[in-house]
Amino acid sequence: MSSSSSHHPEFASCTANDDEHHLDEFELELVVQDVQRQQNNGSANTDQHERENLLLLDDSSKSGALKRRLFFDNLLKNVQDDHIRFLHRQKERIDRVDVKLPAIEVRYNNLSVEAECRTANGDHLPSLWNSTKGAFSGLVKLLGLETERAKINVLEDVSGIIKPCRLTLLLGPPGCGKSTLLRALSGKLDKSLKVTGDISYNGYQLDEFVPEKTAAYISQYDLHIPEMTVRETLDFSSRCQGVGRRPKILKEVSARESAAGIIPDADIDIYMKAISVEASKRSLQTDYILKIMGLEICADTMVGDAMIRGLSGGQKKRLTTAEMIVGPARAYFMDEISNGLDSSTTFQIISCFQQLTNISEYTMVISLLQPTPEVFDLFDDLILMAEGKIIYHGPRNEALNFFEECGFICPERKEVADFLQEILSCKDQQQYWSGPNESYRYISPHELSSMFKENHRGRKLEEPIVSPKSELGKEALAFNKYSLQKLEMFKACGAREALLMKRSMFVYVFKTGQLAIIALVTMSVFLRTRMTTDFTHATYYMGALFFSILMIMLNGTPEISMQIRRLPSFYKQKSYYFYSSWAYAIPASVLKVPVSILDSLVWICITYYGIGYTASVSRFFCQFLMLCFVHQSVTSLYRFIASYFQTPTASFFYLFLALTFFLMFGGFTLPKPSMPGWLNWGFWISPMTYAEIGTVINEFQAPRWQKETIQNITIGNRILINHGLYYSWHFYWISIGALFGSIILFYIAFGLALDYITSIEEYHGSRPIKRLCQEQEKDSNIRKESDGHSNISRAKMTIPVMELPITFHNLNYYIDTPPEMLKQGYPTKRLQLLNNITGALRPGVLSALMGVSGAGKTTLLDVLAGRKTGGYIEGDIRIGGYPKVQETFVRILGYCEQADIHSPQLTVEESVTYSAWLRLPSHVDKKTRSEFVAEVLETVELDQIKDVLVGTPQKNGLSMEQRKRLTIAVELVSNPSVILMDEPTTGLDTRSAAIVIRAVKNICKTGRTVVCTIHQPSTKIFEAFDELILMKNGGKIIYNGPIGERSSKVIEYFEKISGVLKVKSNCNPAAWMMDVTSTSMEVQHNMDFAILYDESSQHRDIVELVEKLSIPIPNSEILSFSHRFPRNGWIQLKACLWKQNLTYWRSPEYNLRRIMLTVISALVYGVLFWKRAKILNDEQDLFNVFGAMYLGSTTIGSYNHQSIIPFSTTERIVMYREKFAGMYSSWSYSFAQAAIEIPYVFIQVVLYTLIIYPSIGYYWTTHKFIWFFYTTFCSSLSYIYVGLLLVSLTPNVQVATILASFFNTMQTLFSGFILPAPQIPKWWVWLYYLTPTSWTLDALLTSQYGNIEKEVRAFGETKSVSIFLNDYFGFHKDKLSLVAAVLIAFPFVLIILFSFSIEKFNFQKR
């Protein structure tokens, strides 16, 4: 993004063919060939300075990165001042040779956007019942409960022009349609929305070119790959977005300069050449964007997420913007890009955008929530929106005149942006009315919009809309979807995939290490010294081969969660045409081939000779090859499933359907001869079939199995015949071919899924008909203003509060220096984030914590709150004069985190009620608590949406600003003595921010200690605070003291410093303060504000205050409570169970799917094993029934514990927050989590038993039926509690999934199904007894057949069934009572371990 990326209409208009819009590769080479030749060959004719500059082009070395950084450090020493000179130097070079830059003019005429939303009678929230109704829509209609759909106008007949060279501000309250307008103008609207009206770029309709490549929409949501650094993210974006027509501009400029004998500016020439090189791995443009966005300090820091330490919220927001502006687009539509940024950083960034717009002729529309006056004045034009209508669109400096004509006047010292948004509110509008109060009536947005259209400004705006098309032509527009050639796209995506695999090395190493451990265990179980070549041991060899295939198949399951994790970023980049789906899919698949080879090699190297397979090198490699193809086949299938279904719950559901199918028709659990003939097709389409055929004929057709005979048939052939796997050797290669075909098929399916399956659409929620009618009548029935803040003040006064000051002295905080920084030459192994912080927070004094993004504000709050889980803390923190005791401090603390973490399946009111229930003292009765909750909801203006589901960020439920207010409400309702708020107004518009701060101010007056980090406060909000702590980069304080009336104390302090500019009249003092204390000002004036503060009287006053407050008040006692938690254990359990019940009831995706899997599995098993329970002639018949029992117990159990992993992980982050707040003990939470599973598991088991029991034909006696139900129920509970335990023991879903597959394989190995208990080596038999499945199969088989005395033929001998069970399996009916006790003991032991793990382990890195 620079002026050199612009295009030239004059020489573009000279071409008649569209082909000439693309730069010929030969012509490009003429421009940069001297640079690249000298870069590669080191020409002797180039001086040293020039050769160093040539390294800037595409040098990925450490020295190259340093040179690129130094290039801009010298060029842009002070970004705010030097950037405009830099752009002017580029502009002067282009203008000097009369190359005019094209521009984009965007017109929209009578644009309307309509969405459909569901309405429903009664409960409108997603639930098991509502989802079931939806699944049976025909029945629902008969019952008169059909779902209705209502049409919502998101945008309503809006028109206007976005002109180049003019920076446009988009203002309006949340929900007014700003994002929809920006998406519409950039061509990014969802296809499900109904759009009418016209949008054109330079006169061309959106369907005549590629708007996604011509313009860039920058979302308010930050979607990035957590494992990549900032620089890597931008380099990849720059590489994929390409260089546009920068080379063409450079070619024309260079040609004209050469003809005129002009020597170009050396720095500008190097810059323009460097950013014109196609497909550059390391771009100088990245360093430019890092510089102007203030991200160079964290350039080599990983982005991170909720579980990985990374960027701050403000840094991540800037990265979202930087990711798009690093490209060559000429029009930008930016949605709330300043959320989480301080006013100084916002001013610097918007200043750069203003300069780019005005000098380099860009087209920009920027939506902001809380622009300061200084930022507001940077804009040329203004669009004001409300309720989907445009209230004003025109020059910024004429907006006040228009509203004066409408009867509204902006008061003195009132910020214009605040005024413009508040006059749209029915609560705030009257205070700005210029006429007599009695003549005032509320003027709705609809009326204001009509008044604007009738005004001369509105009429003037509409006139050119219907004028002829622009003559600027096509030069500024993009007509190709992709910037890179196919090969370059594959290279870019391949390089990134390799990087991400390297960053995920822990997962791969952990997975392979686990495989090696299982291989060693398997080898020792089937040890060659215990295996001989008789028929019985041939069965064991068959089991070992089956287990090897199963293990290799399960080894790839983490691929699902890893793929799902990257899908949001993929869909974002795909929508911007960074790359094609195939460019992503092929590297993501092909680069995993070495993983398949390594895992298969590890397995076979340990097991082949250890187990005692045929000692032949060729057969060794044949088995190895087969396992490689199996691994690739199933992992390709897993990737396809993840890309198609996109959510963990849905993906694991279909994964287990697939695995169930493979196991059923694989030829081992039920041999082919025992299958119903009409189901043989299933045998031939299962990849496991071909894996079985290939491995068993490779082993059992070896010469050693052809010597001894049974009934004139060799042992090898007999075992193959019994399992229906007797095929000639060439079937090995047929199996290889079939598996290879499945790999190609799944590769293609993966690519097609990514290409054609759209990202999961936002869930807009259903709306009750009653509420919809109320909204439609809003214009005629306006709610009267309520004095919510006074209510909350009175309510809080009824609950006693302890007034406690906080002091902190010489507070330091260090973390281990990230490896990326060490590689870049950072000198020390510890990185200091807080540097000798000293201060005091007092009751009744509202303190603001401010500073540039990354200065350490959140870090300071985390240290004070005790939230840090890593790093090194030094210094003294005292509460009420006594050293802080964390266990008691959390009882009086309310901490509003920057990340809004809530349970997605609760409503707004339920979330607040839950917090009040567990955090208010026990003496507060239920009625008072309910009233208190209602008043808090009204205070933060959530009462109107109290029944709305919280939902998942960026997908459904509450908007960003509503989530922020919910975070505040959840903490305020706890009635804390100390409140720490991390950016409580981020994401709120000015009016909502004022409401929140007003409420906080009133709360503070009741004797609470309150501190808020805050960005971009308006003058009114800033002066609502009493004291200020101002920080700079490096975690240092540069001011700590009172703000003063009209900010007099702060202004007085900084104006005394030599070189600091005086504050202007009507200037926002907070913005002025941030501006004059910026790093660039320190460099310009050669000063350090932290040192100046340390030497000031202000600092000495604070030290004295800290010393005074660090001494306990006489006769006071250290803060303590008789109990650790506000509520007793029973109330905790009851509240947690209440919440879990709502969460589970409203999670139909999770619960309905597992019920569906149970029913489907039972039906399929019932058909496959139809009436086989009483067919008992030989050992194979018993093995068939045993296989049915094994499949039934393991399939449903394994799905339960795999599917609960992602489901439980979502709630785990919430649990960390609630547990830190002291809401409940680990035991209460874990017992509630375990208890809520019981009714759902009970339903599963009931359905399974009622279907499978009669289908297979088990014995119909009450005793046997109860035993079957009881065993299946205990087994299912054990499986699901194992899943919960794995979540509590692991840092993320991927590792938990790997351990789950480890558990599954060990369960199978020691269940008695693969190898019966008497044959398990004595050194491993203890694992048999620790395996729940072994007891399950013992109970199932013994309860059915333990008293059956019918004789059967078993391995050439005649025995009764009961004796065979005892001899072969080690099962005896006399042990059933012990088995029953062990079965019920397993769930209880697992619950206790789950509780203990939650108590001891915290994987959240802070």
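From the backbone N, Cα and C atoms, a Cβ is placed for every residue, glycine too.
Per Swiss-Prot, the listed range annotated as transmembrane segment is 1185-1207 (candidates: 380-402, 403-425, 840-862, 1185-1207). Per Swiss-Prot, the listed range annotated as transmembrane segment is 1295-1315 (candidates: 287-307, 1295-1315). The Cβ of VAL852 (ATP 2 binding site) has GLY294, ASP342, SER344, THR345, MET1031, LYS1032, ASN1033, MET1074, SER1078, THR1079 as same-chain neighbours under 8 Å, each 6 or more residues away in sequence.
It is 31 Å from the Cα atom of GLY177 (ATP 1 binding site) to that of GLY851 (ATP 2 binding site). Here the C-alpha separation of SER179 (ATP 1 binding site) and THR858 (ATP 2 binding site) works out to 28 Å. Long-range Cβ contacts of the transmembrane segment (1238-1258) within its own chain (Cβ-Cβ under 8 Å, at least 6 residues beyond either end) map to 1144, 1151, 1154-1155, 1158-1159, 1161-1163, 1165-1167, 1169-1174, 1185, 1188, 1192, 1196, 1200, 1264-1265, 1268-1269, 1272-1273, 1276-1277, 1280, 1344. Residues within less than 8 Å, Cβ to Cβ, of ALA855 (ATP 2 binding site) and separated from it by at least 6 positions along the same chain comprise MET1031, LYS1032, ASN1033, GLY1034, GLY1035. Cβ environment of GLY172 (ATP 1 binding site): LYS178, LEU384, MET385, ALA386, ILE391, GLN421, LEU424, ASP989 lie under 8 Å away, each six or more residues apart in the same chain. Around the Cβ of LYS857 (ATP 2 binding site), a 10 Å sphere holds 28 further Cβ atoms from the protein chains shown. Annotation for the binding-site residues GLY177, GLY851: lowest Cβ count within 10 Å of the residue's own Cβ, GLY177. Here the transmembrane segment (624-644) has Cβ contacts under 8 Å with residues 548-549, 552-553, 555-557, 559-561, 563-564, 567, 588-589, 592-593, 595-597, 599-601, 603-604, 651, 654-655, 658, 687-688, 691, 694-695, 698, 732, 735-736, 739-740, 742-743, 746-747, 749-750, 753-754, 757 of the same chain, all six or more residues outside its ends. The stretch with the most CB contacts under 8 Å to the transmembrane segment (650-670), chosen from 506-526, 1155-1175, 1265-1285, is 1155-1175.
When Cα-Cα distances from GLY856 (ATP 2 binding site) are compared across the binding-site residues PRO174, GLY175, CYS176, the shortest belongs to PRO174.
Listed as Cβ neighbours of the transmembrane segment (734-754) (distance under 8 Å, sequence separation of 6 or more from its ends, same chain) are residues 570, 574, 581-582, 584-586, 588-589, 625-626, 629-630, 632-633, 636-637, 639-640, 643-644, 687, 690-691, 693-694.
The largest share of C-beta pairs under 8 angstroms with the transmembrane segment (1378-1398) comes from 1265-1285, of the ranges 1155-1175, 1265-1285, 1323-1343. Taking residue pairs at least 6 apart in sequence, the transmembrane segment (1155-1175) and the transmembrane segment (1265-1285) share fewer than three C-beta contacts under 8 angstroms.
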